[in-house]
Amino acid sequence: MVYSQNLPWRLALRNVTRPSLRYSSITPNRLYSTTRQRQITATATSSLRPSLCSATTSGASRFSTSPARRKESSKDPKDIIAEETTEENADSKADKSSEESAEEVAESKTKSSEPPQSGNASSAGATDGRGSSAASGGSGDSGNSDGGKKGRKAAVEKALQKPTIPEVYPQLMAIPIAKRPLFPGFYKAVTVRDPHVVAAIQDMIKRGQPYVGVFMFKDENAEGDTIENKDDVYDTGVFAQMTSAFPVHGDDGALTAVLYPHRRIKMSSLTPPENRVVEAKKDAAPSDAPAVPDAIPAKPTKEEAVQEKKGDVVASFEEGSVSQKNGDSPSPYEPTSFLRKYNVSLANVENLAEEPHDPKSPVVRAITNEIVNVFKEVANLNSLFRDQISTFSMSQSAGNVMQEPAKLADFAAAVSAGEISELQDVLETLNVEERLQKALVVLKKELMNAQLQSKISKDVESKIQKRQREYWLMEQMKGIRRELGIESDGKDKLVEKFKEKASKLAMPDAVLKVFDEEINKLAHLEPAASEFNVTRNYLDWLTQIPWGQRSAENFGIKNAMTVLDEDHHGLKDVKDRILEFIAVGKLRGTVEGKILCFVGPPGVGKTSIGKSIARALNRQYYRFSVGGLTDVAEIKGHRRTYVGALPGRIIQALKKCQTENPLILIDEIDKVGRGHQGDPASALLELLDPEQNNSFLDHYLDVPVDLSKVLFVCTANMTDTIPRPLLDRMELIELSGYVADEKMAIAERYLGPAAKELAGLKDVDVNLSQEAIEELIKSYCRESGVRNLKKQIEKVYRKSALKIVQDLGESVFPEEEALTDEGKAALEESKKDESDVKETPENIENETTPVPRVSLNVPDTVHVTIDRENLKDYVGPPVFTSDRLYDSTPAGVAMGLAWTQMGGAALYVESILESALTSSSSPSLTKTGNLRAVMKESTSIAYSFAKSVMAKNFPENHFFDKAKLHLHCPEGAVPKDGPSAGITMATSLLSLALNKPLDPTIAMTGELTVTGKVLRIGGLREKTVAARRAGSKMVIFPHDNISDWLELPENIKEGIEGRPAKWYSDVFDLVFPDLDRDQANNEWKAQLAKKKDKDDESGKDDD
């Protein structure tokens, strides 16, 4: 790919002209020096000119540049030395003369007119394919054969003449460019990276034929240094001379060439690089073809050089140095034949001549004047244009611009950043008047861009000046106010505000030291600095924490009991713990922070009890949930280095409550998560430790904060997921589920009135009877909490409201009376809005109002009563149709008790015999019911223990020796695990083995060992409540849980007999009180014996 850029022409030309002159005139040891170049005779000129025209159609021609020697009398060696000395002196003089006239040569080179030609020089320039022989050291000797000083002086004079550019050059190496075309008379640098093209350029410069054809790609994104297809480029280009070439720094193999376009040309045909290689291979194929001599022959030896200096040397473009066969005609001369060995593009071109025009034409003059005027306007707006125009003006003589309108049009297009098609159109236009008009259009667009750029620059500059002016005026105004004492600086005022707030707080010494350091830092920071806002926010948080500020606590026992009873029914153990806390505070005058943890099923009032405690103690209340929390920064805050950093939730709680002793409720502490941002449960260890939280360190504040006076209350549904170290720091208070009478009281005192008011029936005679509430509790809401009961009561009142409105109709409740005036106006605006409801309308403020409606009063004549009979019309059919799963249990079914997150539940264990007993059957046990690992082990232990009991107490009963059993726990979709179903499973298996049904009102819980020991269990309160809901009259529990049974409220134990058991023998006596041991011992003997007799008879028949 060729990359190009405009260069300052005079400086580039000056730098190029001097080395070329020096290269051509002061190199005496070159093979083709000025004194040794051959000149083409007149006959050779006349014979070679037609061959140039036919070079485009002929094949690869061969020519020789080997020196043709003429015989002459030998000279003395002294004359040879004198002759060389004379040559060196002449070269040095020519060098000095060329340096003095470099400026003149540079100015003359920018013009495209040809210099006057005379004698052999013009003929050589026109016939020699290289064309720039003058630039490479002149045209050789003037045809004299004496070789004296007269010939040397003529050579030096010819070296100082303007380089001769060939008028006809039919075949060129084609180089493509992109982005913008080249225009005659204006330098451009291009970069070539193709190694073949680079080698060809270097060879052309060495040969003195630095001429190329430059054509522009039609696709501005095209790349490449060769032209693969003629249609890829525009056929109109320029004939350019490479004035210099140099390697690219940092890009090995690349070459930058400075091109000077001379005239327009048009491509007639193209030989792509691939065809070039094929033709070269075809030419080299015949073995009998004569060898082609090197384009640049090897340096002659000393003897050959001496012989060469004898006599005149004339350039020979004849048959060559090799002898030709008789009858062979000489090949035509092709100046670019040496390029055939390179993989480059060759183009056959023809010159494009401008159409004649009338310089005095008024149209041409008018357009020329307009272009000059536009140049002046653009120069005033764009400094780059100003420099380019001044350079162009200096290269033209006075008044020459008006005389050469074609060159002016080219200059206008060359310096404009127009469209590629427009610039190429200017290049292709040969009519001067049309070219001027097209160039004017391009230049006008450049003027519009310059004006727009100037306008944008002025607008931006004016805005900046305005802001700068406002800034300086504000600074001056601040200075004047400070001098007059009217108002202090904003920063000083901020520092004074922080100091005033800190003076009202009892900051500890460590905190006060940090505060002073931050205040000093703030005073020395500029308000525009980024650290200023960070420090200001930090001081704001530091001064908003209530250091040493506490609320006056109420330690009245009666007040606390009144508040707690108003908000909650029951929860005696919780209320007793709060009263103990208040009594200690009353005696000491203060209380240290405690960490309480309420554990219980959902809906039993764990969260609401925390708010009641805060109201009873007259403490500020703050609640936040840690369920699913995975970021430690929520507890301990972010580092101040982060953007948007904030303290943790505990510091935020102190800021909101403005006291050092609030009640902070941490909800769902059993559901704390863990992620890549840390483990919040571990961060809570410091927070909830009474021995450590007196110096809690938040990451943002980075100063110790005393949290020992904060009362922390946590809630959880279960303790299994709470880490043991964290659980050890808290005082656990278990809240069991509510029994039926407690739910009844809660519904009448709290849930009913709240749901009635929420349904808009506060003063309406709508009565929910006690029978209906009992039916709701018994048949619809058997869970431990009262949340579902609250939903069902709200549903009853909603249905009642709907029934009232439907029965009375719209006449009693007109919509017009319910709307306020503002609401009516908003409703009218909403009707006008036809936009989709998913889209927010533009005039939404007209469709909204703070109070659009008012409540309507229900007539006093309305009376609604909901009792047991019509309850189904409001809440649907009952969910639970019986108290127990089995009204009368068959053999093998026992009712156990289980603890769940929702409270207690009755868990039945069922055992059946899969197939009839036979003497040949093998025993097995299948376990189903979504049992987890612990319960599976309990099943295996119970099975083994049951077999040991039968073997020990009923040795004649071989039930387990032959029975295929299946043990199942209903509700298989619910996972079951825990160590409290051992005695229930053993009882179920023994009931099946003894074929003895159990009493359906007996429920049991307890873990069993293989020796029959009954172990302690947990959750006895919840299990007892579940047994009461299931209609049990006896609960069997481990003897180690007697203390838990005695602590149960009497309303829970009412109607239930608690029977402790140390060993399973105690359980066996309770569940099988009237067991006939002889019958049990012989229970399955008949079935097993009958089957055995049949087997014996069949055996005899076989005999």
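Glycine is no exception: its Cβ is also placed from the backbone N, Cα and C atoms.
The annotation ATP binding site is assigned in TrEMBL to Gly600, Pro601, Pro602, Gly603, Val604, Gly605, Lys606, Thr607.
The annotation compositional bias 'Polar residues' is assigned in TrEMBL to 47-67.
What TrEMBL lists as compositional bias 'Basic and acidic residues' is 69-81 (among others).
Under the heading compositional bias 'Basic and acidic residues', TrEMBL lists 90-99 (among others).
Annotation comment: TrEMBL describes 121-136 (among others) as compositional bias 'Low complexity'.
Annotated compositional bias 'Basic and acidic residues' per TrEMBL: 276-285 (among others), in sequence order.
Annotation source TrEMBL lists compositional bias 'Low complexity' at 286-299 (among others).
Feature annotation from TrEMBL assigns compositional bias 'Basic and acidic residues' to 300-312 (among others).
Nonlocal intrachain contacts for the compositional bias 'Basic and acidic residues' (821-841), taken as residues 6+ away from its ends with a CB within less than 8 angstroms of a stretch CB, comprise 847-853. The compositional bias 'Basic and acidic residues' feature in TrEMBL is assigned to 821-841 (among others).
Feature annotation from TrEMBL assigns domain 'Lon N-terminal' to 172-447.
For 888-1074, the entry in TrEMBL reads domain 'Lon proteolytic'. Each residue in the domain 'Lon proteolytic' (888-1074) has a pLDDT score, and their mean in this model is 90.
The region 'Disordered' annotation in TrEMBL covers 42-157 (among others).
Taken from TrEMBL, the feature region 'Disordered' covers 271-334 (among others).
Annotation comment: TrEMBL describes 815-854 (among others) as region 'Disordered'.
The ATP site, placed at the center of the C-beta atoms of Gly600, Pro601, Pro602, Gly603, Val604, Gly605, Lys606, Thr607, has further neighbours from the same chain whose C-beta lies within 8 angstroms: Phe598, Thr715, Asn717, Leu735, Ser784, Gly785, Arg787. When Cβ atoms from all protein chains are considered, those within 10 Å of Lys606 (ATP binding site) total 26, not counting its own.
Across the region 'Disordered' (815-854), the DSSP tally of helix, strand and coil residues reads 20 helix, 2 strand, 18 coil.
When Cβ atoms from all protein chains are considered, those within 10 Å of Thr607 (ATP binding site) total 16, not counting its own.
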